[in-house]
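The structure appears below as structure tokens.
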Amino acid sequence: MLLFFALGLLIHFVFFASIFDIYFTSPLVHGMTPQFTPLPPPAKRLVLFVADGLRADTLYELDEDGNSRAPFIRNVIMHEGSWGVSHTRVPTESRPGHVALIAGFYEDVSAVAKGWKENPVEFDSLFNESKYTWSWGSPDILPMFAKGASGDHVYTYSYDAQREDFGAHDATKLDTWVFDKVKDFFDAARNNQSLFTKVNEEKVVFFLHLLGIDTNGHAHRPSSREYKDNIKKVDDGVKEIVSIFKHFYGDDGKTAFIFTSDHGMTDWGSHGAGHPSETLTPFVTWGAGIKFPQNVSAQQYDDEFLKEWRLENWKRRDVNQADIAPLMASLIGVPFPLNSVGILPVGYLNNTGLFKAESMFTNAVQILEQFKVKMTQKKEATLPFLFTPFKLLSDSQQLDILRKARSYIKQEKFDEVVSLCEELIDLALRGLSYYHTYDRLFLGINVAVGFVGWMSYTSLLIIKSHSNIPKGTRKEGKKPHCLLLYSFIATGVLVACFLMIQACPWTYYVYCLLPVPIWYAVLREHEVIQDLVESLLTFPRSHFVAYLLVFTLGIEVLVLSFFYRYMLTAGLIVFAGWPFLTQLWTRAKITFLSWAFFSLLLAVFPLMPVVGRKPNLSLVMGAGFLVLLLSLAVVTTLGKRNIKLVKGELLVLLLQMLSTVLSMYVVYSTHHSLLKKEGLPLMNQIVSWATLASSLVAPLLSSTALSQRLASILLSLMSTYLLLSTGYEALFPLVLSCLMFVWIQVEQETLQQPGVSCKQKLTSIQFTCDTDIAQFRQLCPDDIRRAFFLILLIFPVFLRPFGYKRIRILLAQENYHRSLKAAWEL
């Protein structure tokens, strides 16, 4: 049994790991040739301001008095440069946003395994292509671009990580530090000839990462005075830095400025998902090579933002976040980042038609290079008769489009060049996606075959051990013929040879060979399969069809719940009414009424907002008090039944209740401490860590009796869960636990039906390992219902508050980042 359990864990681990090989592989390719515009660039240097966590609407809109929160930036929009909205992609996190801005591609999702802080795959960037880059800001962002750079020309200056305190009184000091260091840098450059020479070179980048807005947004939310005041501080700082550049370089008109953000932020102070408040960020650019403001009477955008921002008369040009990288490369004349998938927004360029055409042509060739390398790699790793090329962009089509574009440039048909290159880029990007997902169907089929085989095998073993199948009257069958074994061995050898010829990664061998022994084990149980089919054929056809329809409907509800949470509500409502469709409810009306009550109560949670609400400390405290009352009720009930608790077991229960009280205190104390901007108290951190550690051990020290052990598990769960709660979600595990305990009572009632034996009193059930397997009852059709009920109860757990995303948002909101980091990782 233990061997079978270990084998199951291993197989499920393989299936889980396959997700990353199928969906989460790096999109990057290497081996391309750098491409740059063969014309003099308009700018010698570029200054990039990134206000981390800044929303587009908060920057562009006017305040209650009709004044701009960023008067300098607004003046730039109206009199000096061009503006628009930069559209980011999920995940809206700092690292992926900066990678899109500076490297021009959307983050390799495998970086999540390293906390978005290290480069799982080396990539090219604007900084790497520049002559020199100086950067100031967060230690979480700057090192990743310096690490990936070739040579020693990317310089980083970052503050200590301890400064990034979400509970700090004044997070604007992070931005002030950056502005002060930039001013000190140029003061030093005037007195240092070597540094002075470097900063006066061409193709130079200055990067200012401003984290204060993001920090204030997490701590106080974007609607707070702190967040909006920080925007004013940043605006003043940008104005001062621009003045320093003009003074240092003698206002030579060779500096291009870009002001943008890596991501936005929701009203409740989080980011990472795809809400418009997270994906819409400001983009303002001015200086050398940038178009001046353009007054218009009509805009191409249908949203209401322009009127709200009172910018409807100034031409708005939206971009995708990755498009900013080729724009910056074009402005200072460096090669486009090799891995960039951004499309040059020529509408921002204030230059000749020839320059725009050549820049767009360079952009198209750079992306086409990636397509060709990706196609070559896939072609070399696939047998010729199995390789299916991307038909929309053949070699001849590539040459035709490139020749036509060159011909248009010679004929000075620059607009046609831009359109033609945009068409080529679109095809190349679609081709890149095609080859990146080339093996997805092949791997998906193999994993699916293996998973179906494993489910079939485990089902057959359960049926064989806990039913009358195979029938006792059947004669002892002969062992499977050696031909079956040899056939599967031959199949395995053929699969291995096929993978070896194509030089596939070792993980492909695991996914493709695993189904072979699994299905061999399935077919060895041919007698069980044969008897099972015979039993199903004797089942009344009308009943069989009815059960199949109900089963299919139930599965559809579970699938749809991934997309529409209210489907769980519908399922739980049916869940609540199930006993009333049978005669069971007449036996124990209180039990089944409790079942209906808790089911309907649980059905409310999928309808509640996952995020986007204000903290409600009263609900968290109320959940804590309910848990304490429930614990007292358990102790009282045990006393009435004359069930004596061992002294040690009673002590464990009392300590768990004390832990719940301490958790309530920590939530209350932390909430008020953060409101006063006093940070996270040290004592709260100690209590939180102790609560987490004790919650893992305490249930093991409690009584092994069913009711006492379940009560202990609930107390341990709630003491930690309360620390992660800010509102109604604190009630969720309590309601779920009550429902599941009632479910135990309900199932005990169902076992009293005629023909079903082995009813065991709940008081005699123990959490021990010496259960006699021979005493297990036989399977019955009702077990299918029980399995479905279990899955239906599991789904709300993953789709409701205690999910990964939910915990991250709570940590960001309440600054439990330090004290509960271990709970988050767990």
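Including glycine, each Cβ sits where the backbone N, Cα and C put it.
Features reported for this protein in TrEMBL:
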type     : residues : note
DOMAIN   : 430-795  : domain 'GPI ethanolamine phosphate transferase 1 C-terminal'
TRANSMEM : 441-463  : transmembrane segment
TRANSMEM : 483-501  : transmembrane segment
TRANSMEM : 507-523  : transmembrane segment
TRANSMEM : 544-562  : transmembrane segment
TRANSMEM : 568-585  : transmembrane segment
TRANSMEM : 592-611  : transmembrane segment
TRANSMEM : 617-638  : transmembrane segment
TRANSMEM : 650-668  : transmembrane segment
TRANSMEM : 680-701  : transmembrane segment
TRANSMEM : 721-744  : transmembrane segment
TRANSMEM : 784-803  : transmembrane segment
For the domain 'GPI ethanolamine phosphate transferase 1 C-terminal' (430-795), mean pLDDT (0 to 100): 84
For the transmembrane segment (680-701): best-contacting stretch of 483-501, 568-585, 650-668, by Cβ pairs under 8 Å: 650-668
Outside the transmembrane segment (483-501), six or more residues from its ends: residues with CB under 8 Å to it: 383, 508-509, 512-513, 516-517, 519-520, 523-524
Chain residues in Cβ proximity to the transmembrane segment (568-585) (below 8 Å; excluding those fewer than six residues from its ends, i.e. six or more beyond): 554, 557-558, 561, 592-593, 595-597, 599-600, 602-604, 606-607, 746, 749-750, 789, 792, 795-796, 799
Folded-back contacts onto the transmembrane segment (617-638), same chain, C-beta under 8 angstroms, at least six residues removed: 645, 653, 656-657, 660-661, 663-664, 667-668, 671, 707-708, 711, 714-715, 718, 722, 725-728, 730-731, 734, 738
